[in-house]
Each structure stands twice: as C-alpha cells, then as structure tokens.
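Notes follow the structure.
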Amino acid sequence: MTSLRLLATSIAITTAMSSAAFAQTTLTMWYHGAGNEVESNIVNQIISDFNASQSDWVVEIQSFPQAAYNDSVVAGALAGNLPDILDVDGPVMPNWAWSGYMQPLQIDEAKIANYLPGTKGVWNGELYSIGLWDAAISLVTRQSYLDELGLRTPTLAEPWTGEEFMDALAKAKASGNFDYALDLGTAWTGEWYPYAFSPFLQSFGGDIIDRSTYTSAEGVLNGDAAVAFGNWWQGLFEDGYAQATQDPADRDNGFNSGKYAFSWNGNWAALGTLDAYDDVLFLPAPDFGNGSKIGAASWQFGVSAASEHPEGASAFIEFALQDKYLAEFSNGIGLIPATASAAAMTENYKEGGPLAVFFDLSEAQALVRPVTPGYVVAAKVFEKALADIANGADVQDALDSAVDEIDADVAKNDNYGF
Amino acid sequence: MAQLSADNHGLRLVVRYTVLGLIALIFVFPLVFMLMSSLKPDAQLLSDTRSLRAFLPVGDISLDNYFDAFRRAPVGLFIFNSVIVTGVTVVLTLFICSAAAFAFVFVDWRGRDLVLTLILATLIVPFETIAIPLLLIASKLPWLGFDGLTYGWLNSYQVQIIPFVADGLTIFLFVQYFKDLPGELIEAARVEGASWWQVYRRVVIPLAGPVLATAAILKFLVMYNQYLWPLMVVQEERYRPVMVGLQYFFQLNRAWGEIMAYLSLITVPVLAFYLFLQRAFIASIASTGVKG
C-alpha cells in the first residue's frame, strides 16, 4: 500500500512538473547577426539568461546574415511566417510597421527615458522598436596631420565651419602627402549613402523629404539649400579631394595606411584605426550653416504583428534592456551603448575612454533619418542622385528627378497614411 | 618544300598553343587569385592586390583563414545542403525532362505541339516574376513526411528542389537532341515489341550521354548558385545553401581572407562535378560517335 502511495505521489509530481514544462510557451526570434561570432554569443547569452529567469517563455533564435535579413523578413511576412521577435534597422522600422509586419511594444517606457534618442523607434506616436546601441560617424584624422597642415582642432562646441573644412581639404591636397584628402567611403553603397551623406544635406538646410508633411520632397531636396549641397558634393570629386568610385580595399585600409588625410567613418571602424595610429582624432561633422549633423538609429528589437504572444516578446525585449547587456554589446562589437550608465561600464565609452567622444557626438548631433514608410524608397533615390552628381550629372536636374521619383512613390502609396 | 610545310605547321602549333595558353591563363587567374588570397592575412591580401604578388603564395602564408571561416559559419553544413539540393534536383531533372522530351519527340498525341510551345514560352519568363506567387503556393502546400501530414514547405529541402525539377530549357535541349536520333532505331524497337518505357530506358537514354552531361552541368550551376529562392523560403540555418551562407562573411569590417577561403571551399564541389562530367561527356561522344 505504501508502495502504491509512493508510486501515485511520484506520478502526480512528475505530471505536475511536466505540466509546468509544457506551460512554457516558445517565442521565436529572428536576428540579423549570423556570421558575427561575438554578437551572436551576446544575443545567445541574453536569451539563455531570459529563459532561465522565468518559467513562462522560451525564446528560440534563428540568425540571418545581415545582407539577407531584410529580404528574408519581407518574404516571411508574405508567406505568413514571421517570428514573435525580430530586429529591425531603425530607418526601416516605419515601413515594416506601416506594412503590418510589426506591432507596438508593450514595455514600460520609463525604462527607456534616458536612452539615446536614436535608439527609440517611434512611429505614429507609438514605440515599435528599441535599440541596445546606436552608431555614430565622425571625421577621422590624426593630430599630427592637423599640426602639419596648420589646422585648428575642432570641438563639439566649436566644430569646423564649411569654409574651414574646405580649407583643410585644400591644404591636405596641396601638401602632396596623400592620394586623396578625404575618404568618403563611396565604396560602400546602399544605406551608407543616406546614413552618412544626408546629414551634410541637412546641415546645408535641405533634407530627403519635407518632415513637416512627409508627403513631398519638393523644395527640400531640390531647393536652394539642396542645390548648394549638390554643388559642394560635386566639387569634392571635380576638385580631386575625394573619389566618386572607390576600391573597397581602400575603404577598409586606406586611411590606416596613410592614403587619406581625413576619413568619414563610423565608430564600428574606430578600434582598427586606434590600433594603426596613436594620435587619432574623431572630429565632429562640419557645420555648413544649419548645425553639425550625423545620422542616428541602428538595429533595434521589435515584436512582429504575427506574434500571438506580444506580452512575452515584449518581456524578452524589456529583459534585454539591462545596462550589463548594453555594455557587453559595446565591448564586443564597439557600438555606442544606449545609456550613459551603460557607457560608464564599458572600456571604450566610459569617461576618458578612447571612443567616449562618439557617445557625445551621438547625443549632441544625431538626427534620425526621415521617419516615414517611404524612407526605404527615398533612400535609394537619394543614393542614385548622389552617385549621379558625383559622376558629373547636372545638380539641379538630378535633384529634380529625385524629387519627382520620391513624390510619385508617396502618391502611389496614398501618402503612406500621412 | 616539305621542310617549309613542316616548319609552317610547327609555327602554327606554337602560335596556337601560345594563344590558347594565354586565354587559359586569363580564365585561371581569378581562381589562382582566390586560392592565393585565401592563404594570406587581410592586410597583406589588400596590399598584394596591386602587384603580381596577388597570384603568388608569398609572404605570411597559412591556413588561418580556413579555420576562421569554419568558426564564423557552419561551412560544412552549407556545402552539404547545396550538394544534396543540387544533386537531387539534377537527377530528378534529367529523368523528368528527358521523359517529357521523349514524349514530345517520339510519341504521337493530340496537342503535343501546343504543349511544347507553351513549355518553351516559359523560357522568356524570368524567375523573379513568379517568385512571389511560388512562395505563396509553397507556404501552403501539404507534405506527407515523418511527422505525418503537414502544411507549408518552408524550411525544407523539398521546397528548394521540387520547383526546379522541370524547366523549359532542359526539355528543349533534350527535344533537340532526340530529334537527331535515327527514327529507325525507335521503330525497330517498337516492331520488336518493346514498350515505350523500354524504348526510353534501353534505346534512347543510352544514346543520350552528351545531352545528359550538358543538361546536368547547366542545371548543376543554376542550382548550386541559387540565392534568391532559398533566401525567401529558408529561414532555418540547417537548410541554408552555400550562396546564402556567403553573406555570413560580409560584415561591416569585411574579412577578405575568410571570404576567399570560403569561396575556395565552395568551389571544390563545382570543379569536382565538372571534371567528373567532362570525362563522362567525352566517353559519351566516343561511344555514340559511330551512330552516323
């Protein structure tokens, strides 16, 4: 009888434990970091910690290579096969939200009050995505170059004016010490163009689209300020300061091997440059009249519209928003932690750290790319216009054509809901 | 006079082989560059690109890029997936398309020419135009497997194989080849009482070596280089083929040495398959060359 009771008790306990195990709901997650071992390890660690921290949810990850990620998500959406959690590049988020691929996050917004502005993916007044880091661009050079060329060292409070910047390029070219004065990274195509170069346009006073209405680019992409920007842009190549087409090897290694005096590059490449030289400077963007600007918003986490468990997906994202994970990502892949408190925990971004300037740049100069579903089309149009202008196209014609194309796309999509 | 002719012949041979040798070098250079670069660290690889050193195993040579490539991505899995998908597709394509061509050429049936015309018309339709409808269909199709009846073919081998086992180009190749076969052979076999299957299996296919090899090589290259379709239908790493896997190496800070190592590794099956079929191709010509 005792044996029978023991058996019954054992069965009851086993059943209860099984029920508890079965009560866990699986959340699928897609991530863009396949091939990046460090990034994958950190994401896997967060998932492992989250799964161990509670008994309601189990997150399972599927990683994609970055170059194939966006197309995979769009195909997954078409096939009705989206996961619960996905990550999204900041400027693409409004398009995915508008297309019905994503739903608003259910997280406590007090927790992200002190996050860098570029890490918050807000569309239509609602938070759809949140990033654990941001990225920033600076004008990279060496103190020794500035000294040799007799140039003032610009600061965040007092960046170079447009004239000072052009004077620096002219002096670098005249010195004969460099193949080209400026490495713009034209070897990188795609999103690099709007991310890296539209801030110049914005500093001139133009923009990719009119942000007051988001329904037209007329006047902002082909007005006087934009044409001034276009003429300046074309002059960089016509005057031999930069290359309209660039060997990818030069982009990767050119500045570090002394071919360029200045390089317009992101914080993700900064550690390699610090290894190459001991007097590297990361300077703020020049001010062409409307303030110094740099791009903002990197990869962020969000919840897919197909998720039947948005509360679980949001719980995971909220769990990931811990300073220790922000710091781990920063230490691992060199990106800017989303909070000052996380930055203080990192080697590179703590006060006095070699990359701390990027946190300040991001905080002071960052301007998110136009927050509209039409950005994905406008970005490609902008890239083509800049490439055409760099290769000698008439500036006004190229910009007018770009405006026509962007406006036609906006009209075709019923103003994207604006 | 005979001496002069012999000299001319010799000179012609020298010129011919010199020209052929140069052309061969031009074609081999990219492969040599890829292999040599796969053995060098990135900094040296990039600095060597401006000289002939790019084609020579000089400097800091090691297999580190290969080890790093295996650390970055499941290279063996990607190659295995591609070989499985490509191999099965090639075998099924050769059977289905040759059987279809056999029916078009040798069997008399109503509407034959119309159906063949429709199939050939598909040659002008780019895959990209049907990719999305195909994706929607594939995502809902039933499949009877080890898990019983399931719906949706995404994340599987069959979704990468079955849509490609019949195509207009391969059927066209077989049709053209079969038309040149002597009709008397088929008639004689039929008079002797052979069934259509026996004629196909025992008379036509043994004579179709060259076209089988040609179709196999063409199909192999198309399938091995598949990128868009697996990108759309495969979200799980365990089914990913080599071309999607290549993207693992295109990070913001590109590891060119690893990219070259990966490319060298995934080129091996292509070269092996080509060399294998090249011999079969020559053997087929030798054995069927007496037919005329």
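Just so you know, glycine gets a Cβ as well, placed from its N, Cα and C.
Keep in mind that this is a model prediction, so the values were computed, not measured.
Annotation source TrEMBL lists transmembrane segment at B:14-36, B:78-107, B:114-137, B:157-178, B:199-222, B:259-277. Residues annotated as domain 'ABC transmembrane type-1' in TrEMBL: B:79-277.
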Closest-packing stretch to the transmembrane segment (B:78-107), where packing means Cβ pairs under 8 Å, from B:14-36, B:157-178, B:199-222: B:157-178
Beyond the flanks of the transmembrane segment (B:259-277) by 6 or more, those residues with Cβ under 8 Å of it: 31, 34-35, 37-38, 45, 65-66, 68-69, 73, 75, 78-79, 82-83, 213, 216-217, 220-221, 224, 242, 245-246, 249-250
Positions on the same chain near the transmembrane segment (B:157-178), where near means CB under 8 A and six or more residues out: 81, 84-85, 88-89, 92-94, 96-98, 100-102, 104-106, 116, 119-123, 134, 138, 143, 204, 208, 210-211, 214-215, 218-219, 222-223, 226, 229-230, 233-234, 239, 241
